[in-house]
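Engineer: Have a look at the structure that comes next, please.
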């Protein structure tokens, strides 16, 4: 398993930072814009002015500007890829911001982590599925989150939907011009037991190992740690609902109608939010 984790780390270390001009020319620009709009709305919904935020799997710091616009007071970014953390530091230095920033290169999903403080919001965008590599890894990741989330605080995430992927597998729709999913399945193994797959996304991810999210197990694990599920919604529904509620932001971010193939990529994912319960004595 360590070999696979190293492969994932090296994959993200190898991805070069692309300038805004290059991103705008990408064939996946509409997909990127849709994903960024969804993340911006998710941050708006669950982040208050002055909040402290722990961003797990922060990558190159692509959400820093979203948090600046949300008016947070402190940001702590953690990622397994050292190169990504260095790029995030550069991005933070070069932007106008009013909040404090800290970064740390660490595996927060498979290694015990204690930053010595709690946060109002913990975010995991397109990365928490890596916690499902083993049962032990998931347990460690969930304990890391519970340890660092303030009572009443929110854990917000975007993850691939196992249900969507398996439904497409049954229908034989596992790729288009933008993406490709390859299941690592042996003949005698039932689909319910398959834990991982290979994912490729044009201009972004190249045949990287990803893990299925066991939703029931995740909810049960967080429940034992005092976190309850407050929202679960597929990306397409979330995108359409928030587009109606935030027409100005939608226009500002250059959103348009997604093609069928673009929608297929966006529709792989879902929004999931947990809230840490407040002890009755503190309520």
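Glycine is no exception: its Cβ is also placed from the backbone N, Cα and C atoms.
Okay, so Swiss-Prot annotates it like this:
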- 1-25: region 'Disordered' (REGION)
- 1-24: compositional bias 'Basic and acidic residues' (COMPBIAS)
- 39, 57, 79, 107, 125, 130: S-adenosyl-L-methionine binding site (BINDING)
- 60: site 'mRNA cap binding' (SITE)
- 66: site 'mRNA cap binding' (SITE)
- 91: site 'mRNA cap binding' (SITE)
- 129: site 'mRNA cap binding' (SITE)
- 210: site 'mRNA cap binding' (SITE)
- 269: site 'mRNA cap binding' (SITE)
Engineer: Counting distance between Cα atoms, which of the binding-site residues 39, 79, 107, 125, 130 is nearest residue 60 (site 'mRNA cap binding')?
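Structural biologist: Looking at Cα distances from residue 60 (site 'mRNA cap binding'), the smallest one goes to 79.
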Engineer: Going by DSSP, is residue 60 (site 'mRNA cap binding') sitting in a helix, a strand, or coil?
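Structural biologist: Where residue 60 (site 'mRNA cap binding') sits, the three-state DSSP reduction gives coil.
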Engineer: Between residue 66 (site 'mRNA cap binding') and residue 130 (S-adenosyl-L-methionine binding site), what is the CA-CA distance rounded to a whole number of Å?
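Structural biologist: Taking the Cα atoms only, residue 66 (site 'mRNA cap binding') lies 24 Å from residue 130 (S-adenosyl-L-methionine binding site).
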Engineer: Go through 130, 269, our recorded positions, and report the one whose Cβ sees the most other Cβ atoms within 10 Å.
Structural biologist: 130
Engineer: If one measures from the C-alpha of residue 125 (S-adenosyl-L-methionine binding site) to the C-alpha of residue 269 (site 'mRNA cap binding'), what distance in angstrom results, rounded to a whole number?
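Structural biologist: Spelling it out, the Cα of residue 125 (S-adenosyl-L-methionine binding site) and the Cα of residue 269 (site 'mRNA cap binding') are 11 Å apart.
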Engineer: Enter the number of other CB atoms within 10 angstroms of the CB of residue 107 (S-adenosyl-L-methionine binding site).
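Structural biologist: By my count, 22.
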Engineer: Which is it, of 79, 210: the one of these recorded positions whose Cβ has the most other Cβ atoms within 10 Å?
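Structural biologist: The largest 10 Å Cβ neighbour count belongs to 79.
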